Amino acid sequence: MSRIKKLFQLKYFSSLFEIMRKTSRKLPYLRLKFSHGIPAPTQFKFLKNSSFTDEVSNQTLVFHLEGALLKAYSLFPYFMLVAFEAGGLFRALILLLLYPLVWLLGHELGLKVMVFVSFVGIKKEKFRAGTAILPKFFLEDVGVVGFDMVMKYKTKVAVTSMPRIMVECFLVDYLGIHVVIGKELKEFHGYFLGLMEEKMDPATMGINNIGLGCFRNSHYQKIFSRCKEIYLVTEAEKKKWPVLPRKKSLKPLIFHDGRLAFRPTPLNTLSMFIWLPFGFLLHITRIMVFISLPFKVSAPLLAFSGMINTVSNSNVESSGEGKKRGMLYVCNHRTLLDPIYLTFAMMKSVSAVTYSVSRFSEVISPIKTVRLTRDRKTDEETMKKMLSKGDLVVCPEGTTCREPYLLRFSPLFAEITDDIVPVAIKLQVSLFYGSTASGQKCLDSAFHLTNPNPTCLIMILNKLQGWQTHNAGGKSKFEVANYVQGQIATALGFECTNLTRKDKYAILAGNDGIL
């Protein structure tokens, strides 16, 4: 009897597919009515988007994440992110080599292969890709039309074919989804086995719900059989959807981790692996140029290698002849190399104070770097001593931020000197991020310098006037810090926040960021 039912369902969806394919260009949404929880439609008709939610917005919506919300059909990029970020380069290469097999096996078997390769042997307590890495890429794949339809419902239930641990944070934190139904990963002694539980429990759903999915994804009939009406959208229509603007999500994406700066589709991932040997040699070459040559010689060579450094400044301030103290350059923090970029922009050597920089990065640095201890008095004395010897660069955010936001500036710099020059830095990379919250910090410079053409824009702003400073102008140190933060944010078109280093590391790494 069950085989007959499955055969009936298969033929039913196959016949509907033919209808959809012929009419999808003009009629984007298909409405199906189910009775008694059995997929036996009494009627179907096409509806326009405007009438989709007007009638039923107070009811519960059950939607398929991949079918109703995400524009892309392939799940490969998300599993490649897990394989690369949580498993390493070799695991990512294995997944790429198996992609033809995944494609040939079809959705269900191919999904099992990707889950196994990506998760087997990964320690559960250290897995943070679902909270720190994947939400960014999910948000970049959400269609605004599907988002608007889902958000009009008061109660929302998401169904996914991916492991629940991959999508739950994104759906709950950024979209406000109430219930997430997905398969759990099997584990043994705290390690993932790369296998999913066979059953998903739909008991959290009531009856007489509204369903929303994609016509191509018909493998969740059992979940949607509890819905009295189902709306289906075609793949062709989804491709026309604009990507969801960041400001429309319920929560702004300020922090994210991981090394990959691109969406790892099969073709993009293949291009990355082809580039890596050349990128490694380029990284070594750039380091040698950094260390061995003077700035006036190394700057054009680095530009020839693809490192684009653009300078926009009103006046490059100098400590001047006979001055006892140097100038303090206050920058926002985008990467470990910010002080070096500023050095090349001004064509003169400056010192830098840093937090949690690896010994390797200190050794290869072409400028002098001194570690701060996070002890207020000790750090103040250290910075004053360095300023007495020359110009100094400080990043009062205390950690890097990749998105167009500025973290709260520590006010310590405002107490040390009144010779303050704000510097705004904007950075673009195409392959790898040169910063991490939970990875190996000793590889930060290596990943950054492996990019084909990292682009940095340096904007040296006007020096603070005496009345705008703490010591001479009588401003509080917090007023000075907030003013400098606002000046840099305005120059970059960024948004100021009150978030700190501790907030970043609590979200991305589950610690306070003290190494």
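Here the Cβ of each residue, glycine as well, is placed from N, Cα and C on the backbone.
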For which of the residue intervals 104-122, 161-179 does TrEMBL record transmembrane segment?
104-122
Apart from its near flanks, which chain residues at least 6 from the ends of the transmembrane segment (75-98) lie with a Cβ under 8 angstroms of it?
66, 111, 113-115, 117-119, 121-122, 126-127, 129, 133-134, 137-138, 161-162, 166, 257-260, 263-266, 269-270, 273
By DSSP assignment, list the helix, strand and coil residue numbers for the domain 'Phospholipid/glycerol acyltransferase' (327-428), in that order.
32 helix, 25 strand, 45 coil
